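*Asks:* My structure is below; once you've seen it, I'll send some questions.
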C-alpha cells in the first residue's frame, strides 16, 4: 500500500517500517504530517493526524477517485476506509463498522462527518426522494447532537462530551433506508450563550454566563428549533441559591422558583418543596418530609440540573431516532437489511487529575482495544487459512486481565463501587478505596499509596493507579461514590412526571411511582455504563471492523508544530505499535499475484513485458527467484506473502531505477505508433477524398446527361433546363459546357432560318453585340429591308420626298443629295471608318469617325418611308457585319433626316 507515494513523503503504511520502534514510527508520522500527508495506513487501519487547517482533499474529485477502488489503489484516506466498509457491506451482504477513536481535539468528529458525507455521496445514484430525505436527516443529526453534546474545553473548542454510535441501515441496492443512534456517558455540564433578547427574556436568562452557577467558566451552544429544549436549559442555567438560619434552609430571595415552575409547567409550591425537602416512607408506611441541610439542598439542586440535561439529551436522541429509524421494513419484500456502524467515541484520557469520568472512558478504551486486537488477529488468521498459509502464534499483550480488573463480577472495581453505594450507613470514598486495596492488592495492574508507600506520586487515602495497556493512570477517588450512585431524589422525578407538559412527563417515566411503593434500587452509573459498553462491543464483534485512529499533533492547534512527546503518548495509548507488530508478525506485506506481477514484472527478464508461463503465480515465482527472496516469502492460493519490508524495498528501488528507462522507451514506441496512425489516417483521408471527388464528378456528369438527354426534341433545345450545381473541381468545365450548349442551341436555331434571311440575321447579331444593354430600341423586332433604293426612287419620282440618302456598299459609303437627282455629294472608303457614335436615346443621330478625322454626322429618316422605325441598329449592324466579313457585292441605302434636331442623351462610341 506504500507504492502510490514517493519515498519523500515517508512510508504510507507503518507495516513497512524497517524496524517497529517508537522512534521510527514517530519519524515517519512527523515527516508525513509536515508534507501534508495526514493519513497513513497500518494495514487496513487509518492513522489520522489533525492538520489544524483546511485540506483540499475532500471534494467531488476525491470522492470520484476513491469510489469503488481497493485500499491499495490510492494513497491513504478516510474515503478509502469508508469505501472498503461500504463495498464489504454491499458485495458480501456483511454488516460492517468503522471505529473512530482518539483523544479530545484529535479530529474524531470531523472524521466521522467526512465518512458520513462520503457514504451519502456514493449512494442513491437514481436520486430517489425518500432516500435523499434519509441521507439529509442522517447528516444533519450530527449538527443537533453537537449543539447539545459538545462544549468548549481547555483542550478543544468544540469537544464532544459524549460517545456516539450510529447504525446506518441499507437496502439490497446499497441505499440508506434509516438508522439508529446510541449515546454513551454524556458529560452533564453544559453552557449557554446566544439567542435573541426576546427569547432570553421569555426564559428569564441573560447573555452573561458568569451570572449563573453552572456557566461561570464560559462556553457556547448552538441554538436549535426545539422550544422545550430552551425551557429545560433555562431551568438548568437558572440561579438557585440557599441560605440557612441554623435550623432550616430557605431559598434566597428572587423569582427563581417562579421561573422554574413557569418553564416546567409545574406548581411553584411543588418546585419549592422538592428543592427544600425530601419525602421518605417509614417501614410502617408512614410518609414524612425531611428538610434538607444547605449542603443537601445544593447537592439535590446540582443532581436535578444534571439529570435534566441528561434526560433532555436522551430525549433529543430519541426524537432523531424516531425520524431516521427504518419504517415498514419487510425482509421478504425488501431483501436483506445490512448495516454500517460508525463509532465516534472518546479516546484514552490521562489528565493531571483523573476522576470517575476518566475511569469510565479508559475502561471503554480497554474493551475496544481488546476487541481490536482480537479482531485483527482473527482477520489475520482467517486470511492465512483462506490462502493456505500455516498460522503461526503471535505474541501480543492481552489486556483481558485489565478488563477483568474493572468489570469482573464480585471482584472488579465496578463491583466494589456498587457494593459501597448499596451499603447502609455512611460510606465514604476513602472507605471504598480501602476496600479496593484489600480485594485488589495482589493484582499486577492495580496499586495505591497504601500498597506502595514509597511511591510519592500518589497520596494516602486518595489515589489508586491502574496499569492500562496505554500506560499507568492515577485516579482520585474523590466523588467516585457520588458520581456512581443515582444522586437524584425521587421528589424531583415525581415533580417532572406530574408536569403539565406531556413531553416532560414522557422524559420522567420513573416518577409515576408513589413514595410508598417499594422499588428496586436503580443501577449505578458505572454498571449502566459497563452494560452499554458490553452491548456495544457485542454489536461491533458481529460486524467486519474498520478503524480510524486519530492523533492530536500539538496542544496549540498549530498546522506546523509536531509535538513528539505529545504524539508519543498518544501512539502508546492508542496501541499503534502493538497494531503494527500484530499486522507484520507473520508477513508484513501481502498482495494478489496479478497485482504484484503488474507492479514488478519489469524487474525480471522472464516477465517483461509479458510472461509466457502457465499462471501469474509462476511468473511471480520467477521474479522472487531472480532476486533471491525465496526464503522470505510464502505462496498463498491467490496472494504472495512477503515476510520483511526489506525485500519489498529492494524491489521498489530496482523498479524506481527502471521506470525512467521504461518511460522513455514507451514514449518512443507510443510516439512512433501515433505517427504511423496519423500517417494511415492521412492516407485514408486522401483516399476517401479522391474517391469522393471522383464520385461527385461522375454524379455531375450523370445528372447533366439525365437532364439534357432529350433536348433535341425540346422546342427551346434545352434553354429551360436548369443546370445542376457542379463540384468545385468542375467549375471551369461547367462554364465551357454551358458555352458549348449555347452554341449548339444557336446552331440548331440558325439551321432553320432561310438562306435569304441570313444577312439580316448576321447584321442583327452584330448590332446586338454592339448595342445590347445600351440602347432600349434599336429595331431588332422588325424586318430590315436593307435596300431602300427602290422606295426612295419612287418617292423621288413623285417628288414627295426631300430626304438625302446614305448609300453603303461593301467598299464605300456615299452621301447622296436628292435635289440634284441623288448626285453623290460625298464618298468615304469604308476601310477608313474606325468607329461610329450613337446616343442611348431614341433619336436617329449617328456620327461616323474616320482615321483622317473627316467625320460624317447623319440623322437617319423616320419619316414617310419608315415612320417610327429605328434604323440606328440597322446601320450599326450593317457596318459591323461588313467589317467582319469578306467584301461582297450589295449595298444598303438609308434615308437621312433633318440634322437640326440635336441629341439630349449621352453619346455611345462604338468601334467598327
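Cβ from N, Cα, C; glycine included.
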*Asks:* Between 487-509, 510-532, 533-555, 556-578, I'd like to know which one TrEMBL lists as region 'Actin-binding'.
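*Replies:* Of 487-509, 510-532, 533-555, 556-578, TrEMBL gives region 'Actin-binding' for 533-555.
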*Asks:* Minimum Cβ neighbour count within 10 Å among the binding-site residues 104, 106: which residue?
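*Replies:* Counting other Cβ atoms within 10 Å of each of the binding-site residues 104, 106, the minimum falls on 104.
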*Asks:* Neighbour count, 10 Å Cβ-Cβ cut-off, for residue 109 (ATP binding site): what number do you get?
*Replies:* 21
*Asks:* Count the Cβ atoms, other than its own, that fall within 10 Å of the Cβ of residue 103 (ATP binding site), considering every protein chain shown.
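*Replies:* That number is 24.
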*Asks:* Report the mean pLDDT of the predicted model across the domain 'Myosin motor' (9-656), rounded to a whole number.
*Replies:* 82
*Asks:* Within the region 'Actin-binding' (533-555), how many residues are helix, strand or coil going by DSSP?
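*Replies:* For the region 'Actin-binding' (533-555), the helix, strand and coil counts are 9 helix, 8 strand, 6 coil.
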*Asks:* Could you list the residues of the same chain, at least six apart in sequence, whose Cβ is under 8 A from the Cβ of residue 108 (ATP binding site)?
*Replies:* 100, 101, 102, 160, 344, 345, 346, 347, 548, 550
